[in-house]
Amino acid sequence: MGPKTAQRLALHLVVSGKSSINRLISSLEEARDQIGYCSICGNLTDTDPCIICADSKRDKSVICVVGYPKDVLAIERAGGYQGVYHVLHGYIEPLKGVGPDDIRVKELLGRVKEGKGEIKEVILATNPDIDGETTALYLARALKPLGVRVTRLARGLPFGADLDYADEVTLAKSLEGRREM
Amino acid sequence: MIISLLLLQNFRNYPYLQLELKPGVSLFLGKNAQGKTNLLEACYYMSTLTSPRAEKESDLALWGASGFSLQGRLEDGSSTTTIRIDVSMTPSLRRRILLNDRPAKRQDLSLSFPCVYFCPDDLYMVKGSSALRRRFMDSLLSREDPVYAKDLSWYHDTVTRRNMALKKAPGDSSWEKTLETLEDLLVDTGSRVLSKRLRLLRSFTEYVKEAYEFISGGECHVSYNSSIGPIDEDLAGIRETFKKTLEKYRTEERLRGMTLVGPHRDDLAIVFRDKTFRYFGSQGQQRSVVLALKMAEARSFEEVFHTKPVLLLDDVLSELDDDKRSRVLSLCSFGYQILLTATDFPKDRGPGFHTFIVKDNNVTPL
Ligand SMILES: Nc1ncnc2c1ncn2[C@@H]1O[C@H](COP(=O)(O)OP(=O)(O)O)[C@@H](O)[C@H]1O
Ligand SMILES: [Mg+2]
Ligand SMILES: [Zn+2]
């Protein structure tokens, strides 16, 4: 939520009195209590596993790796992707002291190892900026010895643009045209 | 090519200024702080979207204005191109680039309006630190080749990240692996940067030599000095040398938490071969060599863009002796348009010399 929206919301709440504020607080609390992370893919969800991981029609042999939950939303919105996800909850960002152990890298490697050959392809859909690229290269190095096909989104994305800003057509094309790493 | 019309709106001290320019030399004459440099700065900004002296766009807008606009008409033989750049600062920085009234990208600008800028501070290129000589090469190559600009910026970003990882790596296996990853990126981008610098030097060395001879009659040689050891422009060879050198510095880099070798540590070496050889050369030699470097830059642009760039000479004539001054001004007879600022009339003005008086936010032809 941007600062303008927040301000408008706050104004509205002040005007509409105490009971509506209490109602808002309790529904926010409810949301907080019910929403957690999917134990398989790490995406935000109110059920475990999440509806994508639980969907029998989704292709479990393809995992698309993204930085944040918002990226899952962006790819789902673009449509066409049938596989499942893995959310890292961050990138390797040396300048912020964030290393591979601080994001969900181990969980991804564990998933691929435990899949015992069922997982055929991992698509690295990290941002095309330097930290996204570092993270993708790191993962490619770690995944390849596990005998899985590792691909990267095609460079259709505007340079340096965040994944969730990419428009839907570009994103879908970028997924189609992914390349071997 | 030449710029035949320049229009400034809310740029620096000019609320509105329209200026017709001709081929040859245009001299902007005026006392200090009248807005002479601002005119050259406007041209340079139209060519590069950067200023040789301001850090940010907000310095370029007339005080109190929320943006500025620059327009130019360029003529190259029989073809005419118009450039328009609108910059607004509120709510956030926005630039609109129009070439012939159609939206265009930054890299299209140097292609249609290549400029070479030369000011007294450029003297530090010879006597100052290697960073200034690297910046000269990088600025030249970035304008000729947008891919170079991208590789260079990734390379610098990788160096800062790698320096951090070098501090964290000892005794930490996952940071150690991160370091390996960053090293791949470093070698990838750094080698491409190096290869292009060396390819530039292949012709550039000759350009500098010729220009230096033209200006001073002396001999001068520039060469690339790489911190990773002797290399030529072959990419595969550079990669191998780069990796080997990093291996050699492995312990020391971890100890110091710094990337000690690579294009960010290299230099452009300048050697004079005049009789009066000295380490940095005399003042006169230094001036001549900076001039030669700038002329070589112009030659290089000419080669790449297939047109002669406009030469923007800010306050440099007064520093040269009569002989060198007339040689510089004679460049216009080779087809270069020269825009020049000065506080005094230069002695030798040839034909094709147009003077403008710069005073009280106004520029009037003499
Ligand atoms: N953003 C600005 N808005 C208005 N005036 C400016 C701005 N920046 C610089 N100036 C004015 O421009 C003049 C300096 O112009 P400059 O081109 O550097 O002078 P010179 O003729 O010495 O080369 C000074 O008078 C300064 O006050
Ligand atoms: Mg000046
Ligand atoms: Zn899930």
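Keep in mind that glycine also has a Cβ here, set from the backbone N, Cα and C atoms.
Taking a C-beta cut-off of under 8 Å and a sequence gap of six or more, B:G30 (ATP binding site) has these contacts in its own chain: B:K36, B:T341, B:T343, B:I357, B:V358, B:K359. Per TrEMBL, the feature ATP binding site maps to B:G30, B:K31, B:N32, B:A33, B:Q34, B:G35, B:K36, B:T37.
For B:3-331, the entry in TrEMBL reads domain 'RecF/RecN/SMC N-terminal'.
Proximity to ligand 2 (Cβ under 6 Å from any of its atoms) holds for these binding-site residues out of B:G30, B:K31, B:K36, B:T37: B:K36, B:T37. For the recorded site, B:K31 (ATP binding site), the DSSP three-state label reads coil. Taking Cβ-Cβ distances under 8 Å and a sequence separation of 6 or more, the neighbours of B:N32 (ATP binding site) in its chain are B:T343. Take the CB of B:G35 (ATP binding site) and look out to 10 A: across all protein chains shown you find 23 other CB atoms. Neighbouring residues of the recorded ATP site, listed in sequence order and excluding B:G30, B:K31, B:N32, B:A33, B:Q34, B:G35, B:K36, B:T37, comprise B:T341, B:T343, B:V358 (Cβ within 8 Å of the Cβ centroid). Around B:Q34 (ATP binding site), the C-beta neighbours below 8 angstroms that are at least 6 residues distant in the chain are B:V358, B:K359, B:D360. Note on the domain 'RecF/RecN/SMC N-terminal' (B:3-331): its mean pLDDT in the predicted model is 94.
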